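**Q** Please read through the structure below; I'll follow up with questions.
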């Protein structure tokens, strides 16, 4: 998605440890027009998947997930990372390691909002090692729902997440594919049909 790549080039910052900081438009300050376009793009890519719910993990996945749900006309569920006083029983849970924060969080989704007939699209802001998506897959397995794929805003192609998900049969659609962050520069992988 060229618009997203341009935002990354303009506002993204490469930090030590192969971290790409995009807090100017995605995970602190949010560009709602870009998020709307991201949601429309995911909806177009998965238009024939008969999706009934969109899932993500709080908090950076919420904006693109909500816009995807809006474009598809389906509800959005975000897995919580922290216990809530209002959501304290009847939960599906999984442990997820955060690459950027170097911590493990227990994510949870209420059984109340999950139906065994659901066809779920997973949305995440980044795909590096695939831990957040893997956690959502574990919850989907516990719930007995079908995952139709994973929509990723920014994929780090030089890390194993996408290949590991593909090996499990998960369809991955990434809007920006970063091939390298070497020397503080963001390089993108060319996709089929691009010059």
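Cβ atoms are placed via backbone N, Cα and C, with glycine included.
Owing to the predicted nature of the structure, the values given are computational and were not obtained by experimental measurement.
Just lifted these from Swiss-Prot, have a look:
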type    : residues                : note
BINDING : 20, 27, 156             : xanthine binding site
BINDING : 128, 129, 130, 131, 132 : 5-phospho-alpha-D-ribose 1-diphosphate binding site
**Q** Comparing the binding-site residues 20, 27, 130, 131, which residue's C-beta has the most other C-beta atoms within 10 angstroms in this structure?
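**A** For the binding-site residues 20, 27, 130, 131, the Cβ with the most other Cβ atoms within 10 Å is 130.
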**Q** Can you tell me the CA-to-CA distance separating residue 131 (5-phospho-alpha-D-ribose 1-diphosphate binding site) and residue 156 (xanthine binding site), as a whole number of Å?
**A** 13
**Q** Where does residue 130 (5-phospho-alpha-D-ribose 1-diphosphate binding site) sit in the DSSP three-state scheme?
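**A** DSSP assigns residue 130 (5-phospho-alpha-D-ribose 1-diphosphate binding site) to coil.
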**Q** Give the residue from the binding-site residues 128, 132 that has the most other Cβ atoms within 10 Å of its Cβ, counting over every protein chain displayed.
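**A** Within the set of binding-site residues, the most crowded position is 132.
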**Q** By CA-CA distance, flag whichever of 128, 129, 130, 132 among the binding-site residues is nearest to residue 156 (xanthine binding site).
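**A** That would be 128, nearest by Cα distance.
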**Q** Over all shown protein chains, what is the count of other CB atoms within 10 A of the CB belonging to residue 156 (xanthine binding site)?
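**A** So the Cβ neighbour count for residue 156 (xanthine binding site) comes to 24.
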**Q** What is the separation, in Å, between the Cα atoms of residue 130 (5-phospho-alpha-D-ribose 1-diphosphate binding site) and residue 20 (xanthine binding site)?
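**A** On Cα coordinates alone, these residues lie 16 Å apart.
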